[in-house]
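**Student:** Quick paste from TrEMBL:
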DOMAIN    5-91  domain 'Acylphosphatase-like'
ACT_SITE  Arg20  active site
ACT_SITE  Asn38  active site
COMPBIAS  69-79  compositional bias 'Polar residues'
REGION    69-91  region 'Disordered'
Amino acid sequence: MTSKRISYTVKGEVQGVSFRYYTCKEARKVGVTGFVTNASDGTVQGEAQGDENAIEDFLHYLHKGPSAASVTGVEQSDMATKADENGFSQK
């Protein structure tokens, strides 16, 4: 299966609710690499890379969020893959 990379932005009540920790945990569970960070506009943003099924699973978790979060939307866009990226990190 081919590798895919996306950038994503999660909107809603997503900061101060362990969203980055949750995102790292779920990313590692489905096998995607990349990162997640809090943005100054109150969103959570990042990039994720993996096979298409793993990215779809990851996006499902982003839409769901941890129990304390209230996700109102997830925006994503495709981007060029990166070689030799290891793991998923919180910035």
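Backbone N, Cα and C atoms are what each Cβ position is placed from, and that goes for glycine too.
Values in this document were obtained by computation on a predicted structure and should not be read as measured data.
Show me how these features fit into the shown structure, please.
**Tutor:** Taken residue by residue with DSSP, Arg20 (active site) is part of a helix. Long-range Cβ proximity for Arg20 (active site), meaning a same-chain Cβ under 8 A and a gap of 6 or more residues, is found for Val36, Thr37, Asn38, Val44, Gln90.
Annotation note: Asn38 (active site) sits in a strand segment as assigned by DSSP.
For the compositional bias 'Polar residues' (69-79), the residues of the chain that approach it from at least six positions outside its boundaries are 4-14, 17, 19, 22, 47, 59, 62-63, judged by C-beta separation under 8 angstroms.
Each residue in the region 'Disordered' (69-91) gets a DSSP state, and the totals come to 0 helix, 13 strand, 10 coil.
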